[in-house]
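Structure record follows, encoded as structure tokens.
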């Protein structure tokens, strides 16, 4: 790919980003769009602004960038929670490491690559992107020590930053665990694989077991039932209620009277009637009449409540029987984190399902190589002309050539992300394990231009679309203009960690693997991470709510993937040093791989257990150990009124009907961000809007 095609792709995506960001700065000022761009603040009690017509509403301004930049980490933690802070620290880590990488590689590696062979160079915009890769060095070049030194600097900086980040986030997680308010889920243990008995129900078996072994701490339990049909009916009814809320009043509140067919009297024909209070309709009914479950619907899973958090923690860590496949215990997740359908799956089937999931993911990866291979061929003009002879005339046009090779491939790849054809392919098998570094070394430089354009399209443009919220904006327009919905209700979304964290990891992988091989991608990648920092911060503060907290459990995934990216980079560099016949550089790369593995193993033993288990003790200021959860108890059930005792489980089981995993909650806000729980720091943050 020529540099001119690369610049064309960059120009197109920069224009798209400028237009969308400018449009966003205008649309966010319109009162009709507050529910789209300030959903979180509206839900959490932020002040509504009904501004009159004034000209600044229609002028782009960077004020939102300034507000996102000025928000401190403490304010961000108070507003969005620990998970959001950990995600933002992932972005900050990426900015730091790739700033160091860009400085080292652009200053030293890139000139060595460019002047790697004695030849007459063209003008920069007419040069091929492969001139800036390590492929341009001749065999046996003495300058490969520069690449090896750069690899050592990048790896050392990455490991050092990872260590300090891991240590800091581990402390933040411990503070979150010990300092957070008590919740029913923290006194609860999830029990799977309850043994079946023909003489008694699962509930009786569980009650007998915990009464015998944990009589002093056991409080009560709640069985999981197989009531999928009933829950689906409840969900359908709930969705219908939500839909009826958005129907215009003049449509559903004007009854019409028509003669009755049988008696001749007038009868109201409107389909909607205002019902009496639901609470009055169930008064006087017996508990058995309201019960929708039977012992036959019980599943071998339950949630068991204990009197203290410490007791629940101990039970979750203890092996309950000599057979590890029975009485499996884990700390209960938060209510919104429970996927209720999975609890109906027998525990003995889980390991088979995990293997099937892994096999399916691997198969999908190989199927996806079909469009990737085709799209990568578009970046090579000679391959494109050879495969499609009828395009040779069109490809002679300079601008068409630049658009096809520089912009079109990355757009097509993004489209394939949403529609991968279900075809199998013939696998390209390596001849031996020893050939893997060499084959990776040959493949990476030839696709450096494609990876760079992918950074433009999937990176820059996707961030601009993220901040625009096009689907929410269109839906809001339809609801107000077409449906004439004047209801002030609004829906808030949860931040899509499941898509944005993998995106960060993918761009981190591209940055590391191309750092010493094709460093031209690094400045563009650095711009992406800077934009991601500001845009994600703005979106989390204004749009998304925190429905539940994992306590920063995303960080070990980020850490392990970064280590994998470093190791893959070192293996690719080792393959290149072998291809270029540099035994010295190859010899120095092998110890670097071993040191990286040792660092990973140290972090796995030093920090990883904090993210998988809860400590039973904490160190006080005097160096003494205490049990932080021993004094946190639930009330004695014998002293509670019936309705108060049931409230212990209501928070945990009130969401069992939400088994579809909806991504939004109507007029809901996390407890830490609700008006009655807001801190002075958070109140100050809301005033900035």
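Including glycine, each Cβ sits where the backbone N, Cα and C put it.
Remember, TrEMBL labels are computer predictions, not curated facts.
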The residue range that TrEMBL labels transmembrane segment, out of 444-463, 464-483, 484-503, 584-603, is 584-603
TrEMBL annotation of transmembrane segment - which of the ranges 330-354, 355-379, 605-629 it falls on = 355-379
Write down the single range among 267-288, 289-310, 399-420, 421-442 that appears in TrEMBL as transmembrane segment.
-> 399-420
Between the transmembrane segment (97-116) and the transmembrane segment (516-536), are there three or more C-beta pairs closer than 8 Å, counting only pairs 6 or more apart along the chain?
-> yes
